[in-house]
Amino acid sequence: MDILKKHWGRPPAADWMRSLKRSNFYGRFFGNDDSNDDQSNGGNGNGNSRGSGLSSTVRENWYLGFTAFGGPPVHFKIFHDKFVTKLGWIDEQVYQELFSVCQSFSGPGSTKMHYCINLIHNGFLSAVLGFLMWSLPGALGMFGLAIGVSNIGTSLPRAVYALLSGLNAATVGIIALAAVQLAQKAITDKMTRSLVFLGAAAGLLYNALWYFPLLMLVAGGMAVVHDFCWLHGPVKRVAGGVWSVKQTFMLLFGRGEKRRRREERTRREADDMEMSQRETDNKNDNNNDNNHASSSSNHKTGTRMTQDTDGGVPPSTAETEPRIVPPSHDLNSKVIFWRFGLLLILLFLVSFTVIMLLRGLLPTKPLLYRLFSNMYLAGTIIFGGGPVVIPLLREYVVAENWVSPRDFLIGLALIQGFPGPNFNFAVYLGALTAINGGYSAALGALLGYIGIFVPGLVTMHGTMGVWGAIRGMRWVRSGLRGVNAAAVGLIYTAVYRLWQIGWIDEGFQQGTSLANDPWWVVVTATSYVGGCWYGVSPPVACLLGAVLGLVRYGVVQGQGL
C-alpha cells in the first residue's frame, strides 16, 4: 500500500470509488440522485425525495394492475392519459420515443413502457416496485385459474364458452379503438400515414418471429431516407432526364414549334387581359391611395413585431430545429450511464447463451428446467408484445404436450379479460405444466413469471442507458418516427388475429372467427362505439361483453339450438 501511495498518491481503488461518488452513480441507479432532488425541490435538498418517490409510485400505480384491461394497445393509451396528460411525469416526445423503443425490442411492450416511465421519474427501486404492482394481480389471478382448470373435466358448460367468447369480442373492440387512437398520434404527415398502413398490411399477410422486427427496422430506415431527402437528388435527375428526352422527341417529330406558338399566343392574350384589368383597378383606387399606404405601413410594422416576438426565426426554420429536451426529462440524469447499460446488455447475452447451451447439450433435462428455458427463450425473442406471445407459447408448451389445447384456449380467452400484462399467460401455463408433471404449481408459476419477464426488463433497462446517450441525434429521432408508425400498424394485426379465433364453443374449442355469428360482431361494435363515443372504460366494456355472451347463450338455449 505504501508503494502504491508513493507512486500513485492514493490506491487506484480509492480513485475509482471517489469517481463513482462524484458522478453519483448509486443515486442515479437507485433513484436517489441528490442533485436532481435539489433541483426538483427548489434546492432545499431535504433528503426525503426517495421516500416521497416511492410513496408517489405506490399512490399512482397500485390500482393499475387491477383496472388495466384490454391488453397492450389499451395499456399504452392508459399510460399516456395518466403519466403524460394528467401527471406530467414525461412529456409527449419522451412518450413517443419510449413507445418506439419498447416496441422495437423483445419482451412485453406495455410492461416495459410502465417500467421505463417509473424508472425515469423515480429511479430503479420505484421501477421494480411499480412493475410488481402492475403484474402481480393478474399473475395471481392466472395462477388461481390454472389450479381451477386442472380440476375440471374434459369439457366446460356452454355458458362458460359463451362468457369467454363475449370477453374476446369485447376485447377486439377495445384493441381496435386503441389502435385508431394511437394511429392518430403517430401520424404526422403522409409518410407516417403510409407506414402505418403498410405495417398493418404486412403484418396481416405474414407472421413470423423475425418478421415484425424486420418490418419496424425497414420502416425506420424509410423514415430516415425520407427526412434526409436522400432520394430527392436522384429522383430530380431522373425526372430531368425524362423531360429532356421528351422535349427532344417532340422536336424531332415537329411538335415543338407548334407548341411554342400556341404557348406564345396564350401568353399574349393573358398579358392583354392583365393590362386591361390594371387600368380598371387604377381608376377605382385613385381615391384610396392614402388609406392603402397607411394599411401597408401598419402591416409592415406588425410583421416586424411578429418577427421580434418569435426571435426572428421563420416558421420553416423553427420546425427543422432539433428538439431541446427539457431538463426534467433528461434521461442521462435520471437513469444510468450508457456504459453500465451496455454492460447489462452484455451480461444478459451471456446468461442467455449459457441457458440455451445447457438446453441443447444436457442429455436429460428436468421438466422445470425445460419450462424455464422455453419461457426465457420466448421472453428474449418475442417482438410485438402480447399479440405475438400467444402463438409462440402455444408452440413451446402445447407442442411439448405439457398443456392440452383446450386448457390453452381457455387461458387465452380469459387472459383477454384479465387486467395487467398478457405475458401473465406464462404464469398460467407454467402452473399447469408443473401440475401435470407432478411438481408444485407455485414453483412452475414462478419459473414462468421470471422466465417471461426478466429478459425484456433487463435488456430494456440497459437500453435506456444507451438510449439516453443517442436520443438527441437527428437520425435517431427520424428513425423512431418510422418505427413508431410501423408499430402502431402492427396493432391492427392483433385485432385481426384475435378476431379469427375469438369464438369458442363445444364444437370448436380451438376457436373460430367472430364473423361467423352476427351477435359477436354486434358485441365488438358495441365495445368500440361505447369507448369511442360514450367514454365507456375497458373494464366496463369487458364486463358488458361477458354479459352479452351470456344473453346469447340464454337465447340459444331457449330456442333449443
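Every residue gets a Cβ built from N, Cα and C, even glycine.
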Message: Of the ranges 374-393, 474-493, which one does TrEMBL flag as transmembrane segment?
response: 374-393
Query: Taking contact to mean three or more C-beta pairs under 8 angstroms, with sequence separation of 6 or more, is the transmembrane segment (446-470) in contact with the transmembrane segment (159-183)?
result: no
Message: Are there residues at least six beyond either end of the transmembrane segment (159-183) with Cβ under 8 Å to its Cβ atoms? List them, or say none.
response: 69-71, 73-74, 76-77, 196, 410, 413-414, 416-417, 488-489, 491-492, 494-495, 498-499, 501-506, 514, 520-521, 523-532, 538, 541-542, 544-550, 552-553
